[in-house]
Amino acid sequence: MQQINSVFKEAMAGISKKALAAEWLLGSPAAEIGRLWLILRASFIVPLLRISLYVCLVMSTMLLIEWLFIGGVVLYVKMFGRKPERRYKWEAVEDGSETGSAAFPMVLVQIPLFNEKEVYKLSIGAACSLSWPADRLLIQVVDGSTDILIKDMVEKECMKWASRGINIIHQTRETREGYKAGALKEGLNYDYVKECEYVAIFDADFQPKPDFLRRALPFLIHNQDIALVQARWRFENADECLLTRLEEMSLDYHFTAEQEAGSTVHAFFGFNGSAGIWRIAAINEAGGWDDRTTAEDMDLAVRAALKGWKLVYVGDLEVKSELPSTLKAFRSQQHRWSGGPCNLFGKIVMDVIKSKKVSLWKKVYMIYNFFFVRKIVGHTCIFFSYCLVLPLTILIPEVNVPKGGAVFIPCIIAAINSILATPRSLHLVFLWILFENVMSLHLTKAIVTGLLGTKNANEWIITEKIGDSTKNKTNNEPVAPEKPRSEVLRHRILLPELGFAMFLFLSGGYGFLYRNDYYFVYLFLQGITFTIVGFGLIGT
């Protein structure tokens, strides 16, 4: 009996210990944190993620409709041959035996420069070779270079062409006030340009063909309501590396699709800042160049349109230029191109609404299609949809992503881009999508700074250009000392991109282990692309 009692007491003691242990575990900090996480997840994270997903699907649908609209317009133009020459009066300017060069209007060519040693000869040489009567052409090199040696080299180049009978002026600036807008505005204020009716603008790396003026000016001469003729950019170094091929795909779509659609339907688009020719009277009526944003070219185009002027894009009038071949140069260029328009949107939207010379339909197009969808929704939708929300839904399975939003919409958009823009790069479409997704992180930051009007939104960094410097190096030219390899690598590393790479690998790994879908394939590939860009392993 005593043995039975002792066994019973030991058993009860064991049960008491287990109960106490279970009670302790249930009341432990780890258990409390687990309960809090479940409550937070169910009441806050899941609903927020589900709302974010719906917003992303709406933005994706907006983009799809916009792409289909643009594709439809471009298809219409190609099928029915609705080129600008058929929509507007165009007659070649002929040399008159009696009037001589008097039949040709006076044209100013502006070339803004800033320490662009590698390419200044290209633009100056091309401008001086334009087929136009010498006494009806004035070339103005607006040089704001702070490097005295480069400024001296530009002056000597201008003197060389002047000795050949070219009417060229090397106009120096002592300040960078207003950046490019300030340079162009200052150039138009000199008395010697007052007799000019039109102004063609070429950045330092642009090389127009000799017949550029003869093909573009008839639109302005014979159509008094046209303010601008914009040519298409072509890229000499598109095959230099994978980065330039991907850049070419994006910019080719911009010109062949977005610019063509805006010009055809509404006679409005954003001036690209180079390879265009303006009616000077339209510039003056619109208020002249304004340096309030880094999108001074788009600013002028919008203000001219609000005054009732038409803008014409001529797709088969091409001008050679250069693409940034380094990731650093490309990122700084894209930051300016994304932040500037968003900053401008906040400053000009009320002017668009109040304009009395623009139809309601055109106002809707300018505010919704041109600014909101293309400049704001585009990159933010890509970033939030495919770099943030989709990976989070893998980690939180309560939220399901429709296959149409995750797969079919981006595939349709990519197909439209490839077919319309750069058919030769069709095999690079998937790489282009992955790269665009990576860049959306950087561009979303630029969009936010532009909308908020922060200091970075108005930061102007000249895009580094290579030109033919690597081909034409002489022993007399100074060579910059090479930076230590460790310093070069340190500046190449992009921590935000590497952070997102880790996040995508985590999400992809979880999806591979615990999910039944195949989203992990995309997540791994996207994570690899973020890693490549994060370590600066793309470009020259």
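Counting starts with 1 at the first residue shown.
Yeah, the Cβs are placed from backbone N, Cα and C, and that goes for glycine too.
Given the structure is predicted, the values throughout are model-derived calculations rather than measurements.
Feature annotations, reproduced from TrEMBL:
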DOMAIN    198-392  domain 'Glycosyltransferase 2-like'
TRANSMEM  20-39  transmembrane segment
TRANSMEM  51-77  transmembrane segment
TRANSMEM  376-395  transmembrane segment
TRANSMEM  407-435  transmembrane segment
TRANSMEM  493-513  transmembrane segment
TRANSMEM  519-538  transmembrane segment
Dominant neighbour of the transmembrane segment (376-395) in 407-435, 493-513, 519-538, by Cβ pairs under 8 Å: 493-513
Outside the transmembrane segment (407-435), six or more residues from its ends: residues with CB under 8 Å to it: 60-61, 63-64, 67-68, 70-71, 74, 242, 245-246, 248-250, 252-253, 256-257, 386, 525-526, 529, 533, 538
Segment-level pLDDT (mean, integer) for the domain 'Glycosyltransferase 2-like' (198-392): 96
